[in-house]
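Participant: One structure is given below, represented as structure tokens, and several questions about it will come after.
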Amino acid sequence: CFPGNCPDS
């Protein structure tokens, strides 16, 4: 994922 774009799950 990208910085600040990663899913919480």
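Cβ coordinates are placed from backbone N, Cα and C, and glycine is handled just like the others.
So Swiss-Prot lists these for the protein:
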| type | residues | note |
| --- | --- | --- |
| DISULFID | Cys1-Cys6 | disulfide bond |
| SITE | Asp8 | site 'Non-basic residue surely responsible of very weak activity' |
| MOD_RES | Ser9 | serine amide |
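Can you tell me where each of these features sits in this structure?
Facilitator: Annotation note: Cys6 (disulfide bond) sits in a coil segment as assigned by DSSP.
For Asp8 (site 'Non-basic residue surely responsible of very weak activity'), the count of additional Cβ atoms within 10 Å of its Cβ stands at 3 [all protein chains shown].
Counting only residues at least six positions away in the same chain, no Cβ atom sits under 8 Å from the Cβ of Ser9 (serine amide).
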